[in-house]
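From TrEMBL, for reference:
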type	residues	note
ACT_SITE	424	active site, proton acceptor
BINDING	138, 177	FAD binding site
DOMAIN	17-132	domain 'Acyl-coenzyme A oxidase N-terminal'
DOMAIN	134-235	domain 'Acyl-CoA oxidase/dehydrogenase middle'
DOMAIN	278-439	domain 'Acyl-CoA oxidase C-alpha1'
DOMAIN	480-656	domain 'Acyl-CoA oxidase C-terminal'
């Protein structure tokens, strides 16, 4: 019971009100109360057990997923949960399922791209789950290059139908979640062809399976693409393959909010601007950023709690060994990740606001902030998912050998999370999109068009290109204005340097390809500036409680200075700071780790994750790690028998020298 008492002692060191911090993490008291109630509801329901997930066969795992999804839907109906509460329930069930794509992609696509009549027809049955939808865009041969998709939708004016067809093997839809076995319908992206003319990629609602017996409809070949990385993990999702053999659908199943095909086969644009399509993309990507903060905070919670329990080396005169969390090497790897979890949470909240703002502007035909919002969400999706995937693996290593066990919760979490670096836009491709936007912004600096939103700092490029950091002591790095100016100067100088290099190429596209690695780094610098500035804005605007605010200031500085330390070459080579100022930043960072240490356990407690959700022996709230590790080991199916299956056939003959030798 030493560990149990020990964690309680760690919590007593906290210099702030943990309940207040839980509300800050959740975003509001209302959100905290809903999240807390639903998390406990899920944790107490035996149907939602998941401790055996990594030991199930693929078929059993998928059946288990179907059972949980059905039970969750049953509870949502019985308890009359709101949309927000239902979403939290699916989150805490914590098992990738076909429902993720139904609610997260299929319904938003119809809402964003369907006409009012189409929404009235399809959304009621989708909301009641009388149909199950997925999002069929990626193909075997094309993912990021959407314009290169090969599936065709050819209009037949004689029957008033579209003919959906997969003309090549590489045009097979490949990867859509929920497609493999569960979905009855899909929003399918295909090249629209009328009278021999190709109008590019458009969305179509296509029924895939019978609503009576679930068999594929005529002309449709559909199945699962097979096992994926890791045990359990994303293998609960039926990622699918889909081919069409001249499948006919009614003309009104083309999503026609932005463009239509008339009864006569004429292609035309509606009064609704095409840019509205980007609204759905902004929504999905801001959700991915919030998901990154959840996955990262989960890994950090496990690693922090275990680091406080684990003791190694340093014993004096027979006394206890040193807690791993007290080593500076552990703190310098762990505490920046803890700070990142909060930073990503706050920038995710801001993106939620941005999505609402952009949506309202689009509805009023105001597109002034759209391209900036599109670049912003693309960049932050890339930055946060890459950082989170790397951080989960780092947390596994921070837990030593035990982190490699499935029961630690970290291997499965990593395998579940890493697809986020690819889906909804490959991370490098997205950063190159951000870079194009930045180059366009730099090119317009001399014009009347002023940079807006997250690029507003570019309007002060002339000053930022020649300003000098005035840090003289380590504590000067605690000033928000000093940090922001250093990050702005670095981002501006890297973008301007890329623009100057590009101007030397007679062919801009050739230049962009040649300088793509530098452009990616400039995009990263811009995105890191956004995260830092939004963390600081959050601090200045709405953090309650003196103790809570003080801890958030410490974490904000840890995040900013750890980024500065990691990318010191950028800051020094661009002349934003001197090597000595970089050394002072590192000195201040070490001091900040000391201030985080007494509050580390309370800071991860503020995530308010149940043991059920964490699904980790190492990250248990009570700290009772070793007894539970020992107990979990005996649950493995290999331990069902003392003498293993196969002993008599394979081990005994070796031991008894009974193997027959073959004659060549």
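Each Cβ is built from the backbone N, Cα and C atoms, and glycine gets one as well.
No curator has checked TrEMBL annotations; they are predicted automatically.
Worth saying up front: this structure is predicted, and the values here are computed from it rather than measured.
Can you tell me where each of these features sits in this structure?
Within the same chain, the residues at least 6 positions away from residue 424 (active site, proton acceptor) whose Cβ sits under 8 Å from its Cβ are 281, 284, 285, 288, 381, listed in sequence order.
Confidence annotation: the domain 'Acyl-coenzyme A oxidase N-terminal' (17-132) carries a mean pLDDT of 95 in the model.
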Take the domain 'Acyl-coenzyme A oxidase N-terminal' (17-132) and count its residues per DSSP category (helix H/G/I, strand E/B, coil), listing them in that order.
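So the counts come to 90 helix, 0 strand, 26 coil.
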Which site among 138, 177 has the most other CB atoms no more than 10 Å from its CB, taking these as binding-site residues?
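Sorting the candidates by Cβ neighbours within 10 Å, the top entry is 177.
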